[in-house]
Number of protein chains: 2
Amino acid sequence: MQKLIVGLEERSYPIFIGSNLLGCAELLLPYLTAGRAAVVTNTTVAPLYLESLRAKLHDHGVETIPVILPDGEQYKNSETLGAIYNALLSSRCERNTPLIALGGGVIGDMTGYAAATYLRGVPFIQIPTTLLAQVDSSVGGKTGINHPLGKNMIGAFYQPKAVLADIATLDTLADKELRAGIAEVIKYGLIRDLPFFEWLEQNVEKLLAKDGDALQYAVLRSCQNKSEVVAADERENGERALLNLGHTFGHAIETGMGYGTWLHGEAVAAGTIMAADLSCRLGWLRKEDVERIICLFKRVNLPVSAPAMGVEKFMQLMGLDKKMVNGKIRFVLLKRIGCAVVSGDVDPELLRQTLVLNSARG
Amino acid sequence: MQKLIVGLEERSYPIFIGSNLLGCAELLLPYLTAGRAAVVTNTTVAPLYLESLRAKLHDHGVETIPVILPDGEQYKNSETLGAIYNALLSSRCERNTPLIALGGGVIGDMTGYAAATYLRGVPFIQIPTTLLAQVDSSVGGKTGINHPLGKNMIGAFYQPKAVLADIATLDTLADKELRAGIAEVIKYGLIRDLPFFEWLEQNVEKLLAKDGDALQYAVLRSCQNKSEVVAADERENGERALLNLGHTFGHAIETGMGYGTWLHGEAVAAGTIMAADLSCRLGWLRKEDVERIICLFKRVNLPVSAPAMGVEKFMQLMGLDKKMVNGKIRFVLLKRIGCAVVSGDVDPELLRQTLVLNSARG
């Protein structure tokens, strides 16, 4: 087992990474002193891990209240959030009752947001069970829900007390979900870690084959990258925005296609290629590097272009993205592989070319 | 004009208190550098102050987006919150677009909560136009909405950038609202400021007559008390709970009677008398001091007993209050006038006596 600390002063917290950590629930006991906790999960994860987690915690004197939600990005909304509040209120959860998120990114984001806002804030713990959640969404304290007009439009920065990433839970992960998670892993290489990108070029098939050591290394290295960025810029006033590589295009795809149609990681993959394409048009990234990136995504069988939504719709959806300042869309772009920058000054004609070509390439 | 600072390190902010401050909108300009702001208000306040505020800000180069909500505690819920989000999204409000709350406690609480959660947090400014909002709810960063099962169950601690309390706006305040606000003013005297309680005994009729100097003094002294408490304990881990004198009983009344039936301050008045009664039964407060408190509330024509909701319903509603730790209700009680304490160990029989007598007294 490995332990990383996200350094945020009095909000610092550990990330535990290893195999079969769900069997080591005692790692969580320091955060469960109230003797009660609510476990929020979904209909896919509950049959796999809920009862064994509850039994383990029960053995340590912690009683749990299960809250089981439907599975999918299309349920990351105010109605499902209301169902969490109702469950917490009817079980009389109090200010010191922690919420445990057991599931993927949707469960983590919604549970974290419920924890941030129930009784003006209760403690919470992340137990991510998808690769995407382990390498990205469970770390850093971004929580929230979607709005019909845009992804993650409603939310809060709210840090967990601890993250428990059990690599063994990836054994049951659907292949499509695994591939979507790898998109966010590649992201770290692209924005700030060329050696990791090169490692992925060498080892991505091991990840696809669910090799435990490779997965653990990829999760650890991703979390190291993420926690360094978050510790330097918790509330995304600067550097943290680089983690959104591919997300401005990606969010437009997710919102435009209807939440749940594309997995988040799939949309980020297509969005990353679009960002690379635009970086190339600006004269920053070399053509052969764009091809190198496309090649890696293709090996993972991730989409490398957007669906044909139409340029106008794309532009409109991106205009609603959070990454705007005074009406200008800010893009995360690549100077080279391993070095991302934020630019709020992209020639609209170049952007249009990227949209036209990438949503036609299919 | 007087200026107070709420000392919360990097979240510190000024409270401006004075007459006709709405005419001095330049006080707000340091917080409106984006050149755009959304003004959230209600159908009662909008005809009185919205257009003049917008015109003033326009003169200083700040364009405003009006968001006008229905008036009343019964609208402080997730539906109205959703309407605020919709308005912000359709006007493409961004991360640096501040929200200005122009209205009473309901508008302030909802606008603050919308600001805390829209795009994971945007700046906000309080312009309280009721006495209750000026002396209490606009200061300290408690924001939120009600849930059918309990008051303020969903919310966040989120501090404003500035508070502008214009005493002149109280000229148009309904008499019933003025009296409800005085309940929270008396609260400060009771929990920590005996000289202020004595001043109120001398001067409460001046407040009822809307004497400008008396009102300004009462607002200032209340805000001084509140900001000292909040600066010492922002997130209510200790001393801040004292500000909830009368609120455990009061919230049960508001929820039980249906939001908007009793004004918040009216319910707090009845709740304060119940807390005083219970403090007396515990042998803390003297009987003559309970009578002294009742006497002051009666001069303000505030309710001094709860509606006949029934003891069982009262107990159940209080069990859902946030002020609980491990299943025990914590009450704010009075050791003497000017000195409140929190107790989690109240003899249930004494509590029952208070409930029986005070919800029958009528």
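Even glycines carry a Cβ here, placed using N, Cα and C.
TrEMBL: automatically predicted annotations, no manual curation.
Zn(2+) binding, as stated in TrEMBL, involves A:E184, A:H247; the candidate among A:H147, A:H264 given for that site is A:H264. In this structure, the C-alpha atom of A:T130 (NAD(+) binding site) lies 12 angstrom from that of A:E184 (Zn(2+) binding site). What surrounds the Zn(2+) site, by Cβ distance within 8 Å of the Cβ centroid and not counting A:E184, A:H247, A:H264, is the set A:L132, A:D136, A:A183, A:K187, A:G246, A:G250, A:G265, A:A267, A:V268, A:G271 from the same chain. Checked against A:H247 (Zn(2+) binding site), the binding-site residues A:Q74, A:G105, A:G108, A:T169 differ in C-alpha distance, with A:G105 being the nearest.
For the pair formed by A:H264 (Zn(2+) binding site) and A:G105 (NAD(+) binding site), distance between Cα atoms is given as 9 Å, rounded to the nearest Å. Taking the Cα atom of each, A:G108 (NAD(+) binding site) and A:E184 (Zn(2+) binding site) are about 16 angstrom apart.
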